[in-house]
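Okay, structure first, notes after.
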Amino acid sequence: MSASADRPPFLDLPPLVALGGTVRLPGSKSISNRVLLLAGLAEGTTLVHDLLASDDTAVMLDALRTLGCTVTPSATPGGPLAVTGLGGRLAVKEADLFLGNAGTAMRPLAAALALLAARQGTTGAGFRLRGIPRMHERPIGDLVEALRPLGCQVACTGTEGYPPLALSGPGALALDASIRVRGDVSSQFLTALLLALPLVAEDRALQVEVQGELISKPYVEITLKLLARFGIAVEREGWQRFTLPAGSRYRSPGAVHVEGDASSASYFIGAAAIAAVDAPLRIEGVGADSIQGDIRFVDAARAMGADVTMEANALLVKRGAWPLKAVDLDCNAIPDAAMTLAVMALYAQGTTRLSNIASWRVKETDRLAAMRAELTKFGATVIEGPDFLEVTPPAGAWQRAALHTYDDHRMAMCASLAAFNPLAPGAAGQPAVAVRVLDPGCVAKTYPDYFADFLALVTPQAGAVPVITIDGPTASGKGTLASRVAQRLGYHHLDSGALYRACALAAQRAGIAPDDEPALAALAAALPLRFEGGRAWLGTPGEDVTDRLREEAIGQMASQIAALPALRAALLDWQRRCRRAPGLVTDGRDMGTVIFPDAQLKVFLTASAAQRAERRHRQLAAAGVSATLPALLADLEARDARDRSRSSAPLKAAEDARQLDNSALSIEASVEQLLRWWDDAQGGAPHGPEHAPAA
Ligand SMILES: Nc1ncnc2c1ncn2[C@@H]1O[C@H](COP(=O)(O)OP(=O)(O)O)[C@@H](O)[C@H]1O
Ligand SMILES: Nc1ccn([C@@H]2O[C@H](COP(=O)(O)OP(=O)(O)O)[C@@H](O)[C@H]2O)c(=O)n1
């Protein structure tokens, strides 16, 4: 998917100095999409456990539904997805399938539908397969060239050799001769044929012959293992000849468990080799039992110095040799995970050479060019060859950089490892830099929660997590502004008012009087409040109190008890603990003066009392609460007066706060103003052209 309006334009990662804990990997993309296709073609229902939820699996699921498969999500969260397959019979004879940028959907669906179309015929325009513009630049000619001699009618409706494709039938299939496919550009063409041919192997054995040296063999191994799970025992002679026995027929195994994504594991393995100094990072979901080729990344990481212990389904990784060791590696077997080595090379002594990676050029972007362009921005020396990359780390201080990600999930995940630059041996004693990752949302292709999972494991450099504070009187728009800015920056948002409101609600429920300061302070010190998913949860396991907190009576009581110094003191640590990577935007009355006096940007937001009363009036009306304007104005002025005059943390602008009167400013204009100030506070946007160079 391309960057969209609701995806933040960038994410600034603060300099990081350590990493630890446990991460549970999302399901493997390669296994997920193969299993979905197999389940969709087989007869019967397959329960798919631990399926990856991502852009690439979403387009496959949509395609299967369009083709007439029944896809039923589990009633219990995290439960298996049920897919009832076609049993080899087309349920629809024409369809328009949008497959995003998912090669793992485009190629095998093209092969399967081309064969089924030839056998069973199509109607209308037949099957049309298309994707985003980059998908239309990714070659599929070798597969088309393999299918046409069999009698499949495959038209490239844009450029010959590239999607979009139009598949039609019927046609006589010629399956007696050996089926030839090239294997030296992408192994996905062979995989596509192997997944599709069982549909037409009922009465004869079929032989597939690979021309040229087969690349990415481990991915073909995954295909063979999954075919076996669905009842197809492919015989192979080396990596050149594959035979599907006569009578091959898909049978659902009933249930399939998708293991964690070994390519996704590479970022955590790399990060742990750099920054898990005290204790190993535990990575759950892949291990010694994995069927994915990218598990061999472990060997490459070990060669660079990582200390890795393998369990059946987990890895324990910590820093071993330090600095990391520069390596000269043939990466043909681990093309995707090898990208991670390129970033690890920034922490090695000497020059790392990654070779036999020409396939990088035809992936989500030209990854050889992209990696050179982006690593160079830090000051690294990078040589890009036709099929290799050489990386030498920066000699001294790293440059601040904004990294383009080219709508490539792996470029974005790789970028995260650069945030450990304070640890880089060559940069010792030099100022650390924050790393700007442009369009971080592109990780949704395979790992939507990557940055949240990564950031939950890291320790930022002392004082490096940025805070933006927004203080001001009631209804000036603090909460609205803070939440929009947090969304744009990908930061956490703390609405401190909600904290005081939650105290008020909890006190009311416990029957504590609004002037019982010791009891209120004790209550606040142990307040079981959580903000999660944009909602406020009180108690354990947690009641959603979001709407109750907005009630006027609760606001009144909050304003009253907020004047008590012991209660305020009890909430101090709770608020400071919200300062977590990548950053925090917080709003309230004393955020810039008391709670975060060292905030990088402080804003004091005001608007005329009349404006504010009107805004609150509209807000309440929208929520179906009736209130008169004069009453609201009086209440708001009373609250302002109480907030300003209290002795403990009175409402006032911090001396170093920027003043923003938004009486005549729209919400969007206020957001833009604040973001401009934020850029200024950081000495301008990091260097790098605004737009990615053409791929
Ligand atoms: N700049 C603005 N212009 C117009 N309305 C605004 C503006 N900022 C906020 N509002 C509206 O004012 C109301 C109060 O804003 P809110 O963020 O809840 O204020 P606070 O957190 O300061 O109490 C909301 O309905 C919001 O949509
Ligand atoms: N940092 C803060 C935030 C809120 N408060 C108090 O808590 C009350 C509720 O906060 P809020 O931000 O939700 O208030 P409204 O302005 O939205 O009514 C306010 O009236 C303040 O008195 C505070 O004292 N300090």
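Any Cβ shown, glycine's included, is placed from N, Cα and C.
As recorded in TrEMBL, the features of this protein are as follows:
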| type | residues | note |
| --- | --- | --- |
| DOMAIN | 18-452 | domain 'Enolpyruvate transferase' |
| BINDING | Lys29, Gly103, Arg138, Gln188, Arg367, Arg410, Lys445 | phosphoenolpyruvate binding site |
| BINDING | Lys29, Ser30, Arg34, Ser186, Ser187, Gln188, Ser216, Asp336, Lys363 | 3-phosphoshikimate binding site |
| ACT_SITE | Asp336 | active site, proton acceptor |
| DOMAIN | 468-676 | domain 'Cytidylate kinase' |
| BINDING | Gly472, Pro473, Thr474, Ala475, Ser476, Gly477, Lys478, Gly479, Thr480 | ATP binding site |
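Positions of TrEMBL features highlighted on the structure.
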{"residue": "Lys29", "record": "phosphoenolpyruvate binding site", "DSSP (3 states)": "helix"}
{"residue": "Gly103", "record": "phosphoenolpyruvate binding site", "DSSP (3 states)": "helix"}
{"residue": "Ser187", "record": "3-phosphoshikimate binding site", "DSSP (3 states)": "coil"}
{"residue": "Asp336", "record": "active site, proton acceptor", "DSSP (3 states)": "coil"}
{"residue": "Arg410", "record": "phosphoenolpyruvate binding site", "DSSP (3 states)": "helix"}
{"residue": "Gly472", "record": "ATP binding site", "DSSP (3 states)": "coil"}
{"residue": "Lys478", "record": "ATP binding site", "DSSP (3 states)": "helix"}
Practice problem: Measure from the CA atom of the residue listed as 'active site, proton acceptor' to the CA atom of Arg367 (phosphoenolpyruvate binding site) and give the result in Å, rounded to a whole number. | Solution: 10
Self-check item: Spatial neighbours of Arg410 (phosphoenolpyruvate binding site), counting only the recorded positions Asp336, Gly472, Thr474, Ser476, Lys478 and Cα distances within 10 Å
Solution: Asp336
Practice problem: Filter the candidate list Arg138, Ser187, Lys363, Arg367, Arg410, Thr474 of binding-site residues, keeping only entries whose CB is under 6 Å from an atom of ligand 1. | Solution: Thr474
Quiz item: Going through the recorded positions Lys29, Asp336, Arg367 in sequence order, which have a CB under 6 Å from an atom of ligand 2?
Solution: none
Self-check item: Stretch-averaged pLDDT - the domain 'Cytidylate kinase' (468-676)
Solution: 94
Exercise. Compare the C-alpha of Lys445 (phosphoenolpyruvate binding site) with the C-alpha of each of the binding-site residues Arg34, Gly472, Thr474, Lys478, and give the closest one.
Key: Arg34
Quiz item: Given the recorded positions Asp336, Gly472, Thr474, Thr480, which one's Cα is the least distant from that of Lys29 (phosphoenolpyruvate binding site)?
Solution: Asp336
Quiz item: Measuring Cα to Cα, how many angstrom lie between Thr474 (ATP binding site) and Asp336 (active site, proton acceptor)?
Solution: 51
Quiz item: What does DSSP assign Arg138 (phosphoenolpyruvate binding site), in three states?
Solution: coil
Quiz item: Rounded to an integer, what is the Cα-Cα distance in Å between Gly103 (phosphoenolpyruvate binding site) and Lys363 (3-phosphoshikimate binding site)?
Solution: 9
Quiz item: Reported as an integer number of Å, what is the Cα distance between Thr480 (ATP binding site) and Lys363 (3-phosphoshikimate binding site)?
Solution: 40
Quiz prompt | Most crowded position, judged by CB atoms within 10 A, among Arg34, Arg138 as binding-site residues | solution = Arg34
Quiz item: Which one of the binding-site residues (Ser216, Ser476, Thr480) has its C-beta surrounded by the most other C-beta atoms within 10 angstroms?
Solution: Ser476
Quiz prompt | Greatest inter-residue Cα distance in Å for the phosphoenolpyruvate-binding set Lys29, Gly103, Arg138, Gln188, Arg367, Arg410, Lys445 | solution = 19
Quiz prompt | Other residues, Cβ within 8 Å of Gly472, Pro473, Thr474, Ala475, Ser476, Gly477, Lys478, Gly479, Thr480 Cβ centroid (ATP site) | solution = Leu481, Asp587, Leu605, Ala607, Arg612
Quiz item: In sequence order, what residues of the same chain, 6+ apart, have a Cβ less than 8 Å from the Cβ of Gly472 (ATP binding site)?
Solution: Lys478, Asp587, Arg589, Val603, Phe604, Leu605, Thr606, Leu651
